[in-house]
Each structure stands twice: as C-alpha cells, then as structure tokens.
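As recorded in TrEMBL:
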type: REPEAT; residues: A:24-58; note: repeat 'PPR'
type: REPEAT; residues: A:126-161; note: repeat 'PPR'
type: REPEAT; residues: A:197-227; note: repeat 'PPR'
type: REPEAT; residues: A:228-262; note: repeat 'PPR'
type: REPEAT; residues: A:431-466; note: repeat 'PPR'
Amino acid sequence: MGFYVRFSSSVDARQVFGEMTKRSLYQWNTLLKSLSRDKQWEDVLCQFGQMVRDEEKPDNFTIPVALKACGELREVKFGEMIHGFVKKDVTFGSDLYVGSSLIYMYVKCGRMAEALRTFDELEKPDLVTWSSMVSGFEKNGSPFQAVEFFRRMAMASDVCPDRVSLITLVSACTKLSNSRLGRCVHGFVMRRGFSNDLSLVNSLLNCYAKSRAFKEAVNLFKMMVEKDVISWSTVIACYVQNGAASEAFRVFSEMMDNGTEPNAATMLSVLQACAAAHDLEQGRKTHELAIRKGLETEVKVSTALVDMYMKCFSPEEAYAVFSRMPKKDVVSWVALISGFTFNGMAHRSIEEFSMMLQEDKTRPDAILMVKVLGSCSELGFLEQAECFHSYVIKFGFYSNPFIGASLVELYSRCGSLGNASTVFNEITSKDTVVWTSLITGYGIHGKGTEALETFNRMVTSSGVKPNEVTFLSILSACSHTGLIHEGLRIFELMVNDYRLVPNSEHYAVLVDLLGRVGELDAAIEIIKRMPFSPTPQILGTLLGACRIHQNGEMAETVAKKLFELESYHAGYYMLMSNMYGVKGEWENVEKLRNSVKKRGIKKGVAESLIEIRRKVHRFVADDDLHPNKEPVYGLLKELDLHIKDLENSAYLESEVDSL
DNA sequence: GTTTCCTAGA
C-alpha cells in the first residue's frame with residue numbers, strides 16, 4: 001500500500017493511525033517522530049510499547065526517538081531496557097545516532113557513569129557524541145570535567161569543534177565562573193569565523209555576565225550587530241545582578257523600543273530588577289505587561305511575580321498572585337514561604353509550609369527546607385525546631401551542608417546552644433558556612449569566649465578557611481562581649497593573614513567595638529582611614545556610641561551627616577531625640593519630632609516572641625498604634641533612656657497558633 | 001527521516 005501523509009500535528013497522526021489495522025515500520029516511525037516534535041513524551045513511550053507488542057522491530061530511527069522521550073521523562077528504567085535491546089543487536093553497535101541518544105538519555109537522568117561507559121564502548125565517536133559528553137558533564141555539575149573532555153575532543157585529530165560544541169564549552173566556562181577561559185574561547189570563536197553566530201555570541205555574553213566580567217559583557221553587547229530576545233534578556237539580567245536596577249529598566253525599554261518582543265525570561269529579569277529596587281509601581285506595571293503578553297500564567301513568571309511583590313513589601317498582592325497560579329512548583333513555594341518571613345510574617349511561612357505538605361503534595365527540596373528552617377529560626381520556636389529537625393532526617397536532607405548550617409543557626413536562635421553544637425558535631429564535612437553558623441550562634445548569645453574558641457579551632461585545625469561572613473560573626477561576637485583586644489587582633493588577622501577586604505559591615509562592627517569602650521577618637525580615626533565614605537550604618541553605630549558615652553557635641557556632628565545620607569530611618573531620629581531628652585533639651589526633641597512627622601517617617605514595628613506552653617506569643621511594640629497616647633518624649637524624663645526599652649514600652653499581644 | 005547548543009529559585 002502506497003501511503004504518504006504529511007501530518008500537520010500529532011493529533012491528526014494518531015487519528016489516521018487509529019483507523020489502520022497493520023502499520024509498517026516506516027509508519028510507526030512517522031507517528032513517533034510527529035509525537036516527539038510536539039513534545040508528547042508519554043505518548044511516544046506508549047506508542048513505542050505498543051509497537052513492540054505488535055512485534056514490529058524498532059530500527060535505528062525508532063530508537064533515538066524513544067530514548068529522547070526517556071531522557072525528557074527521566075525514565076531511566078525504560079531507557080536501560082532499550083539499551084539492553086540495543087546491546088543484543090550488533091547492527092546498532094556502530095550507529096552513532098543510537099549511541100549519542102543513549103548518552104543523552106543517561107545524561108538527562110543524571111547517570112554520568114553510564115553515559116561515560118556508553119561513550120567508551122563506541123568504536124569511533126564523532127563530534128556529536130563527544131559534544132553530548134561535554135554537555136553531560138556541564139549539565140550534571142562537573143563543568144571542570146566538561147572542559148577537560150572538550151580538550152580531549154579537540155586533541156583527537158578526526159573531529160573539529162563546531163558551533164554547538166563551542167556553545168557547550170562556553171556554558172561550562174560560565175558554570176566555572178571563569179571569564180578568563182571565556183575570553184580564550186571568545187578569541188578562538190573570532191579566529192574560526194564564528195563571530196556572527198548569534199547563539200554562540202549570546203552564550204559568551206552570558207559567560208561574561210555571570211563571571212563578574214561586567215565591562216566585557218556590556219562591551220560585547222554594544223558591539224553586537226544582531227541581537228535577539230536572549231541577548232537583551234541576558235544583559236538585563238547582568239545589570240540586575242550587578243545591582244544596577246535602573247540600568248536594567250533602561251535597557252528593557254530600549255529593547256521594547258527596538259521592537260523585540262519580551263519572553264518569559266525577559267520578564268523574570270525585569271521582575272528581579274523591580275524586586276531589587278523595591279519598586280512596587282514598576283513591579284505592578286511589569287505585572288500588567290506580563291498579563292498583556294500572556295506570560296503571567298507561566299510558572300516561572302508567576303513565581304517571579306510572587307517574589308517581586310514580597311520584596312516590594314506587599315505580601316497581600318504576592319499571595320493573590322500565588323493563589324491564582326494554576327500550577328505551582330517547589331520554587332513557587334520557596335518564593336511564598338521565604339517572602340512571608342522577609343515581611344516579618346514567619347508564622348505565615350510555617351502555616352503555608354504545612355499547607356503545602358497537606359494539600360499540594362509538593363515534595364520539599366533542600367532549598368525549601370533551608371527557607372523553612374530560616375522561618376522557624378525567626379520565630380525562635382524550639383518545639384517546632386525539633387519537629388523540623390526530625391523531618392530533615394526523615395527525608396534525607398541531613399547530609400546537605402546548607403541544611404546542616406541552617407539547623408545549627410536555628411538551634412542557636414532558639415537558645416538551644418547544646419543542640420546547636422550537637423548538630424554541628426554530627427556534620428561530617430563541615431564547610432565555612434557550618435563553622436560560621438556555630439560562631440554566630442555563640443555570638444548572639446553573648447558567649448564570646450566560646451565563639452573565640454570555636455573560631456580558633458576553625459583556623460588552627462579544621463582546614464576550612466574563614467570568609468568575610470565568618471569574620472563579621474566573630475568580630476561582632478567580640479564586640480558584644482567586650483573582647484576589644486581580641487576583636488582588634490582578629491580584624492588584623494582578616495586583613496593581613498587572610499587578605500580579605502573588609503566591607504562596611506566589618507567597619508561598622510569595628511566602630512561598635514571601639515565605641516562600646518568609649519574609644520570614640522579611635523573609632524573616628526578608623527572611619528577616616530576607610531577606603532570608602534562612611535555608610536549610614538557606620539555613622540549610626542558611632543551615634544549610638546556617642547549616646548552611651550554622652551558625647552553630645554560629637555553626636556550632633558554625626559547626626560547631621562547621617563540625616564543627609566539616610567533621611568528615612570526612624571531609628572536614628574529616635575537615638576538623637578533620646579539624646580536631647582536626656583539633657584532635657586525638649587525644644588530640640590520637638591523640632592526633630594516635627595521633621596520626622598513632616599517627612600512621613602514611620603518607626604518600624606518592634607516585635608518580641610516568646611514561647612509559653614508550646615505556643616508562640618507575639619508582642620508588637622508600637623506607640624503609633626495608640627493615637628491618643630501622650631507623645632513619647634513626655635515619658636522620657638521618667639523612663640530609662642535605652643532605645644530598646646523605649647521600643648518595648650507598649651505591647652500588643654496576638655497569638656500565633658502553633659502547628 | 002534521527003543525535004549535541006544560548007536566558008531562568010539558595
């Protein structure tokens with residue numbers, strides 16, 4: 001029977017085939033090809049199964065299609081069966097299409113050992129099979145081996161790198177965050193005349209963008225004659241990651257003017273820019289655009305929307321988007337749960353997590369667990385912490401170093417340093433983060449000696465190097481315990497021995513350290529010698545020190561500078577106001593208070609949480625909640641003037657249900 | 001008639 005139909009879609013194909021009684025091998029292959037083109041992977045495997053049951057023997061056109069489906073569905077068992085079938089028939093042995101499809105299937109299923117064995121069994125690998133291996137290493141978290149494999153391939157005399165293998169190589173350079181290597185490949189690309197290949201240039205652009213070669217990325221983008229939506233999106237993401245949200249917006253509008261249609265990835269980057277800038281208005285506009293372009297319902301876009309609204313301090317809008325989502329994945333839940341905690345609503349995070357387990361049946365992954373442990377840590381709810389701890393063990397997350405560090409932090413925040421150090425001791429491979437968590441734990445509980453002891457153990461006998469965060473923790477532990485000399489010694493150690501560059505936070509702690517013991521002049525000397533101008537945080541710390549040591553003159557100078565820099569932080573106004581209050585300068589207090597009111601500055605809500613009989617009770621301290629209350633400064637004469645105490649002067653209790 | 005590649009939540 002002469003039979004030939006060009007199918008417009010797989011639906012037509014199945015209709016036609018449904019009516020036929022006996023199919024030829026060619027017809028089977030046409031059907032499978034058509035289904036695979038429409039990414040109907042389940043159907044591909046179903047029909048493949050049917051084909052085998054009909055005793056039609058798959059050939060070297062059928063096998064790659066079926067293997068591709070196995071890879072996409074991560075059906076390694078099915079894939080292995082096909083591999084067994086292939087092995088039995090010698091005619092497949094030398095077929096490179098079959099070979100590369102087998103490698104692809106193992107790669108997709110994360111089985112690099114099997115992929116490598118399959119590759120080694122090939123008589124004469126070609127460019128595609130070599131590239132599949134390079135790609136496999138790159139995709140499965142071994143970018144170094146990917147580069148190594150590429151090198152082996154380039155040395156084999158019979159294959160010559162093409163555009164696809166170069167794109168894969170550049171991806172590996174990106175994962176290694178190695179722009180120098182990227183630059184070498186870039187040179188090779190130019191010499192080989194590939195410089196007009198858009199995908200290849202895009203991958204180079206992305207490599208520069210992701211490996212801290214900001215200038216190179218921007219230059220390359222400017223030089224590009226042809227740009228597509230990927231080029232634009234990559235460069236927008238690059239600006240966002242380098243903290244230049246406004247530039248990102250600028251490039252985005254340029255892209256729109258240019259007539260390039262944004263896609264889901266573009267929206268992700270723009271929404272990230274809105275989130276980074278906490279720009280709710282821009283975020284809402286972008287949301288509207290996403291709806292107009294029909295991109296709102298894509299899981300990643302709606303997840304980015306949830307994240308954006310959360311970071312723009314609008315948890316209600318975030319939740320509205322979340323509840324409308326037709327499909328949710330773990331990442332969406334991460335955005336929701338971490339978002340609530342970000343907005344000071346950690347109890348909602350825990351509620352949503354339990355909701356997820358009960359109703360959504362989404363399996364948590366390690367990242368989500370880190371977030372949940374973080375939420376619990378905000379609540380300081382020990383009972384709940386112990387529950388999550390057993391959950392972590394039960395679901396096999398215990399070996400993850402991020403989880404280990406989070407548990408250590410969680411127990412210390414709950415005040416259970418014993419449990420924290422037990423967890424710490426049980427972690428087999430302790431990395432910098434894990435060590436730092438324990439040091440931080442001791443630090444926040446004022447156990448400076450233990451923090452120091454742990455720090456010393458880390459630097460002398462662990463083989464793990466402290467990083468900037470570790471130093472920040474140990475410095476602040478010293479500061480809180482008044483270990484001045486030790487703190488200064490550690491600061492020197494950081495700069496001289498470890499060659500780490502202190503940032504503004506390190507300097508703030510150093511200023512705090514000196515300020516606490518009244519070494520105000522030394523603190524000012526440090527500030528003067530810093531390689532950058534003082535941040536509001538540093539000045540705020542100095543102002544706090546001035547208040548403790550009642551140095552009004554210096555306080556006024558500092559405060560003036562501070563208010564120029566950051567006029568929206570109520571805390572500093574309170575500090576200054578308290579200083580005036582102490583000296584009875586009520587006129588100045590009044591003046592300051594009025595300027596606060598005029599600028600619409602609101603003091604943040606202070607909260608305390610305590611655990612009583614397995615329930616967490618929430619205390620919100622906020623005098624703004626009582627409009628008829630007398631002005632706070634009226635009370636100052638009688639009250640002790642600690643700002644902390646002031647913030648805790650009015651309580652409003654609300655109960656947080658334990659889970 | 002088939003196989004490998006460029007943007008994306010710690």
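From the backbone N, Cα and C atoms, a Cβ is placed for every residue, glycine too.
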Arithmetic mean of per-residue pLDDT over the repeat 'PPR' (A:228-262): 92
Long-range Cβ neighbours of the repeat 'PPR' (A:431-466) (under 8 Å; 6 or more residues past either end): 401-402, 404-406, 408-409, 411-413, 415, 417, 420-421, 424, 473-474, 476-478, 480-483, 486, 490, 493-494, 498
Distant-in-sequence neighbours of the repeat 'PPR' (A:126-161), which means Cβ under 8 A and at least six residues beyond its ends: 96, 99-100, 103-104, 106-107, 110, 112, 115-116, 119, 168-169, 171-173, 175-176, 181, 192
DSSP helix/strand/coil residue counts for the repeat 'PPR' (A:197-227): 23 helix, 0 strand, 8 coil
Helix, strand and coil totals (DSSP H, G, I; E, B; other) for the repeat 'PPR' (A:126-161): 26 helix, 0 strand, 10 coil
